[in-house]
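Asks: For 25-45, 46-66, 78-98, 105-125, 140-160, 161-181, 199-219, the entry in Swiss-Prot reads transmembrane segment.
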Amino acid sequence: MNTPMFTRTSSLERTLETNKVLKNTYFLLSMTLVTSAIAAMATMAIGISPIVALVMQLAAIGILFFVMPKAINSSSGLVWTFVFTGLMGGALGPMLNFYAAMPNGPIVIAQALGLTGMVFLGLSAYTITSKKDFSFMRNFLFAGLIIVIVAALINIFVGSTVAHLAISSVSALVFSGFILFDTSRIVRGEETNYISATISMYLNILNLFTSLLSILGIMNNND
């Protein structure tokens with residue numbers, strides 16, 4: 001039978017461990033975002049082709065699925081995390097150059113960055129302070145993700161601007177939901193590996209940014 005003192009001690013230890021994971025996650029996340037930004041600016045300046053960007057994305061996906069599962073619990077996991085986020089950031093070069101060349105393009109990019117930051121900070125702060133359990137969203141989010149991927153693949157051949165806007169809007173909602181879900185997992189002690197947590201949150205932010213950029217880009221073209 002657990003004594004009150006033992007229960008309080010265990011609760012304190014869990015809280016300290018959770019706070020440590022949160023602190024390490026957000027510190028590493030900030031470093032990976034800086035790495036991605038530098039890589040993106042470099043590939044924008046170089047002017048890499050979409051084919052090169054695709055190769056970089058495929059290499060990053062390979063690291064995510066085949067390297068990270070083995071390295072995530074070791075110090076090499078940190079190295080691979082920066083390689084992964086560097087490749088993902090660098091792959092944004094052609095897309096960012098495309099939007100930058102549009103009328104008011106730099107403003108659109110800045111707006112997308114600002115909105116992404118506001119959404120992420122707002123949702124994270126709400127989840128951390130409320131400690132609400134968002135695990136109930138899991139099935140809805142993964143179903144939404146599958147729908148977004150399938151719809152995006154179909155629209156490659158259809159080429160509908162309206163469909164693109166709808167897909168980007170749903171995608172923004174889905175990845176906002178994933179921010180709530182993943183933050184909740186850390187707060188509730190379900191995610192204890194800060195490298196894994198960082199990668200999940202990084203992908204949420206990246207996809208939220210690209211979704212918002214698409215939405216703002218389409219709206220800017222219609223003005």
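Including glycine, each Cβ sits where the backbone N, Cα and C put it.
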Asks: When each of 25-45, 105-125, 199-219 is checked against the transmembrane segment (78-98) for Cβ pairs under 8 Å, which one has the most?
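Replies: Looking only at 25-45, 105-125, 199-219, the most contacts with the transmembrane segment (78-98) come from 25-45.
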Asks: Tell me, please, if the transmembrane segment (25-45) and the transmembrane segment (199-219) are in contact, taking contact as 3+ Cβ pairs under 8 Å between residues separated by 6 or more positions?
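Replies: Contact confirmed: at least 3 Cβ pairs fall under 8 Å.
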Asks: Mind checking which residues reach the transmembrane segment (161-181)? Cβ under 8 Å, same chain, six or more beyond either end.
Replies: 119-120, 123-124, 126-127, 134-135, 137-138, 140-141, 144-145, 147-148, 151-152, 155, 200-201, 204-205, 207-208, 211-212, 214-215, 218
Asks: Quick test of the contact rule: Cβ under 8 Å, at least six residues beyond the ends. What residues does that give for the transmembrane segment (140-160)?
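Replies: Residues 166-167, 170-171, 173-174, 177-178, 181 contact the transmembrane segment (140-160) from elsewhere in the chain.
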